[in-house]
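Quick look at what TrEMBL lists:
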DISULFID  Cys444-Cys456  disulfide bond
DISULFID  Cys474-Cys483  disulfide bond
DISULFID  Cys519-Cys528  disulfide bond
DOMAIN    71-316  domain 'Laminin N-terminal'
DOMAIN    444-498  domain 'Laminin EGF-like'
DOMAIN    499-548  domain 'Laminin EGF-like'
SIGNAL    1-30  signal peptide
Amino acid sequence: MSLPGRPFPRRRRILRTVLLFCLSIWLSSSEEIVHIDSPSNELKPYKDGNSVHSFSSPVANSFREFSVGKGEKGLFPSIFNLATHAEIRATATCGHHGPDFYCKLVEHVFMRQPQCDICDANNHHKNHPIDYAIDGTKRWWQSPTLSNGLSYEKLNITLDLRQEYQVAYVIMKAAISPRPGTWVLEKSLDGFSFVPWQYFASSDSECMRVFGVPASTGVPKFSRDDEVICTSHFSKLNPLEYGEIHISLVNGRPGAEKSSQEMQLFTKTRFVRLRLLGLKTLYADLMVINQRDKKLDHSVTRRYFYTISDISIGGQCICYGHAERCAPDVVHGQFRCECRHKTCGESCSECCPLHNQLPWRIGTHDHPNVCQPCQCFNHAFRCEYDQEIEAQRLSVTPEGIYEGGGRCVECQHNTVGINCEKCKPEFYRPTNVSHYRIDACRPCDCDLVGSESNGCVRDETEATEKLRAGDCRCKPGFGGRRCERCALGFRNHPTCEPCPCDRSGSLNFDTCEEDQCVCKRNVEGQHCDQCKAGTIHLDKEDPDGCQPCFCFGKSTECREFTWDTAQVG
């Protein structure tokens, strides 16, 4: 097929022929690229140098190491291809503004037949939408050629993973064009603010000139888990078609063997963006393109465009070490962790409602950090961790140990307290009745007239020698378990006035309903409150009330006299 276009000057044609002849020799001696035809939701092999490995070994090593879940370890779900469930968009696609004529770069290689075609968004057999990059087929996305303008060298491809994941690797596979020359792999949590994951440059010198980052040669080595490097390893012109780029975000980092918080933050994302900045071109064509002439040679520029046949993003649900399985939720259209270790939430990012005796922590390779239960005696549906309560050792565990800071919330069944361990006012728990019983706290049933406002003794911790659990606290003059009657020495319920008879000198003190007091033998007076002549010392314990005087027969009259005393020496 012949292409119309402006002929090159003779000197330029000679130079191009020499370059293309050298290129054909280089291509014939280059290594073959292994084509991997696998469903897009399966793990792809990872190519590291000249070796090809399974992603289940090198890239996902630090993640899957945690997935074993044996003994006291954190649990982590399997890695799968996140791109198959993503929303993807590109800032430009070929054929959207009419048929776009293009030619493969290989058609210009010495002794190759021209391979040209048309991209047309309105023709199902000729279109190349961005969805083709993640549909798992051999179809591909294609950008407009540079014949449409040099601005199409700078494009963005953005994938919305629909929720946050931990990403272990990214694979990008070109189609009928070389791999991009200069570009940036970026991530974002909100879809607006993107930060780089890795830089790619056409040459080592371009790493510093364009990105301000020194080039990383050979197998990448990282000094930090969140270090961003630049490499030119994947920006070679060879192969001209179906080249692949394999990016591990884990291997070679300090946290690859034992995940760190920096590693978890570095690999966490929802949005992935490929910011394409420059095509890889033949040296002879580069001179033409770099002239930035408005009247570009279309026979050159129609050969330069981006194609992507597959984007695979290997990652796992963020379950913070508390789940080994992540299943699709049909209702919400997302993947949800099947939480263990008494954790809850979409990402197992919190302790379950009744397991907050200790603060929530991430499960690690060394320890699962299982959420611990609160002791609420079956009287609450949730509890909260309180650092101050833990510091004061006020919360008890189900084992009866005062450690942790669990505080029960909204105690039920008439209970109150940090652990719902007490009955609320006006209720009591009878002695020897279990805290766990729903009816452990029972109404005090105190007499409203005779009892104090603070109700009855709520449990044995408030009991005294005279009051036991359930006994009402009576006002002065009232008595009985419920304060329903007058106390000894008082009469006329419900007023319960003091009895007129002196308790020490009367015989009818306990039943002082009569107006006439019955005095003891040595007592007299209307209220039985005076000793008779010749007696002294009115005492309620004395059956006669008062003791006879003892004056050695010299007198029958006496009176009480109190001596002042002092302790000497």
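Placement of Cβ uses the backbone N, Cα and C atoms for every residue, glycine included.
Automatic, uncurated: that is what TrEMBL annotation is.
The shown structure was predicted, so the numbers you read here are calculated from the model rather than taken from an experiment.
What TrEMBL annotates, mapped onto the structure for a quick look.
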residue : record         : Cβ contacts under 8 Å, 6 or more apart
Cys444  : disulfide bond : Glu426, Phe427, Tyr428, Ser451, Gly455, Cys456, Gly470, Cys472
Cys474  : disulfide bond : Gly450, Ser451, Glu452, Gly480, Cys483, Ala487
Cys519  : disulfide bond : Gly505, Ser506, Leu507, Gly525, Cys528, Gly545
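Secondary structure from DSSP puts Cys444 (disulfide bond) in coil. Per-site Cβ counts within 10 Å over the disulfide-bonded residues Cys456, Cys483, Cys528 peak at Cys456.
Summarised as a single figure, the pLDDT of the domain 'Laminin EGF-like' (444-498) averages 88. In the three-state DSSP scheme, Cys528 (disulfide bond) is classed as coil.
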